[in-house]
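One structure is given here, and the rest of the page talks about it.
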There are 2 protein chains.
Amino acid sequence: MESLKKKIQVEGIVLSSEVLKVDSFLNHQMDPSLMKQIGEEFAKRFRGENVTKIVTVESSGIGPALMTAYEMNVPLIFARKRKSLTLKNDVYTAKVFSFTKQEETEISISQKFISEHDRILMIDDFLANGQAALGLIEIIRQARAHLVGVGIVIEKAFQAGGEQLRRRGIRVESLVRVQSLKDGKVTFLEEVTAQ
Amino acid sequence: MESLKKKIQVEGIVLSSEVLKVDSFLNHQMDPSLMKQIGEEFAKRFRGENVTKIVTVESSGIGPALMTAYEMNVPLIFARKRKSLTLKNDVYTAKVFSFTKQEETEISISQKFISEHDRILMIDDFLANGQAALGLIEIIRQARAHLVGVGIVIEKAFQAGGEQLRRRGIRVESLVRVQSLKDGKVTFLEEVTAQ
C-alpha cells in the first residue's frame, strides 16, 4: 500500500533495529483518512470471504479494525487486556506475552459475541512476534469460530510472527512488510499476497 | 440522538442503579454504522469551531473519536493509560482516579502532538464522575491549547461530571443524557444543547 509506505518513510522514526515508531499517524496520534484507506484495503482483500465479525486487541488495533468493520458492514469486537487473571465464566481468555513490556497480560472476549457460526477477520496495527495474534486465535478456537484471515497494517517481517502464522496455514495480509530497520533505515519487502 | 436512545433501550443492560452496560455496540463490541452516525453528529455540533485536533482516552473513546476526526478531517490523539508513574520529559501527564476500578491511573499525551495553537475537541464514550475528562483538561492546560468543548456519547446525568464541567464554563454536548437507572430501567433526560 503505497500511501502507507510513504507515510512510514516520511513520519516513521527508527528507534533501534527492532523498533519503528509510528505514533504520529497510527498508534497515538491517528490519521483518520489513512485509517479509512486502510479499512477499504482490508475490505477489498477479504471481500467474498463472508466475514461476520472483525476482532482486534485494544488499543491501537481499534482504529484500523473499526474502519474495516465499517467498510465490510459487520460488528467489531476489541479484546480487553488486563494484567491479572480474574477467572470469569462468561469470557474466552488467552495469555499474551509482550516482549516489549516483558510482561504477561490476559486478553478476553465476552462469550456472547462470538460463536461457531462466525467467520472472523482479525485486524491489528503491528505483527512482530505474533503473540497477540496467537492469543486471539486461541480465543477464536475456544469459540469454535472460523478464522478467515489476519490483516496487519505493518508487519515486521524480520520477526517470527508472520512466518509462524503462515506456517499454520493462516492467510496473513500485511499492508506493508518491513524487511529491516538496520542503520536507522526502513527497508520494505515487496508486497505479497500470502495465502 | 434517537438512534442511540433506541439502541440503548434495546441492547443496554442495567446492572445496578449506577451501571449501564452497553458492551454490545459501544465498548467491547462496536457497531461501526452507529459510530459513523455519532461522528457525524459531533462534527455537526462542533462545526464552525475550527477544531484542529480530537483527543480521547484509550480504549473505548477511540471508536467515536476516530469517526468524529474523520468527519472533521483532523487528526485524533488518544491518551495512553498506565498504572505506574514513569516521569518522562516529552509527555504531558495527569492522574485519573477510576471509581469503577478504585485505582489511580496516569494518562499521557506526547508533547509533540498538542501545542498552544490547537483548538481541541474532547470525545469520550461515557461521562460519569468526569475524572477522565478532568485529566484530559489538565493535559490541554499544560499544553496551553484551547479546549473547544467536550462531546460525550452517553452522559450519566445523575453523576457529578457533567455538572462539574459545565460549571467551569465548558461546552458539553452529550448525545444522550441518562437521568436514572433505577428499578432496572433507563430514563433519559431531554436532549439539551448546553453552552
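Cβ coordinates come from backbone N, Cα and C, glycine included.
Over in TrEMBL, the protein carries these features:
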BINDING   A:LEU20, A:ASN27, A:LYS156  xanthine binding site
BINDING   A:ALA128, A:ASN129, A:GLY130, A:GLN131, A:ALA132  5-phospho-alpha-D-ribose 1-diphosphate binding site
DOMAIN    A:35-157  domain 'Phosphoribosyltransferase'
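TrEMBL feature annotations superimposed on the structure.
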{"residue": "A:LEU20", "record": "xanthine binding site", "CB count, 10 Å": "19"}
{"residue": "A:ASN27", "record": "xanthine binding site", "CB count, 10 Å": "21"}
{"residue": "A:ALA128", "record": "5-phospho-alpha-D-ribose 1-diphosphate binding site", "CB count, 10 Å": "25"}
{"residue": "A:ASN129", "record": "5-phospho-alpha-D-ribose 1-diphosphate binding site", "CB count, 10 Å": "18"}
{"residue": "A:GLY130", "record": "5-phospho-alpha-D-ribose 1-diphosphate binding site", "CB count, 10 Å": "23"}
{"residue": "A:GLN131", "record": "5-phospho-alpha-D-ribose 1-diphosphate binding site", "CB count, 10 Å": "22"}
{"residue": "A:ALA132", "record": "5-phospho-alpha-D-ribose 1-diphosphate binding site", "CB count, 10 Å": "26"}
{"residue": "A:LYS156", "record": "xanthine binding site", "CB count, 10 Å": "22"}
Point to revise | Cα-to-Cα gap, A:ALA132 (5-phospho-alpha-D-ribose 1-diphosphate binding site) vs A:LYS156 (xanthine binding site), nearest whole Å | key: 14
Point to revise | Residue among binding-site residues A:LEU20, A:ASN27, A:LYS156 with Cα closest to the Cα of A:ALA128 (5-phospho-alpha-D-ribose 1-diphosphate binding site) | key: A:LYS156
Study note, to complete from the structure: Residues in the domain 'Phosphoribosyltransferase' (A:35-157) per DSSP class, helix first, strand next, coil last, are 37 helix, 48 strand, 38 coil
Review point. Whole-number Å distance between the CA of A:ASN129 (5-phospho-alpha-D-ribose 1-diphosphate binding site) and the CA of A:LYS156 (xanthine binding site)?
Key: 9
Check your understanding: Using an 8 Å cut-off from the Cβ centroid of A:LEU20, A:ASN27, A:LYS156, can you name the remaining same-chain residues around the xanthine site, in sequence order?
Key -> A:GLY12, A:VAL19, A:LYS21, A:VAL22, A:LEU26, A:ASP125, A:PHE126, A:ALA128, A:ILE154, A:VAL178
Practice item. Between A:GLN131 (5-phospho-alpha-D-ribose 1-diphosphate binding site) and A:LEU20 (xanthine binding site), find the distance joining the two CA atoms and give it rounded to the nearest Å. Key: 18
Revision key, fill the gap. Note on 5-phospho-alpha-D-ribose 1-diphosphate: the CB centroid of A:ALA128, A:ASN129, A:GLY130, A:GLN131, A:ALA132 has further same-chain residues inside 8 Å, namely A:VAL96, A:PHE99, A:LEU127, A:ALA133, A:LEU134, A:GLN159, A:GLY161
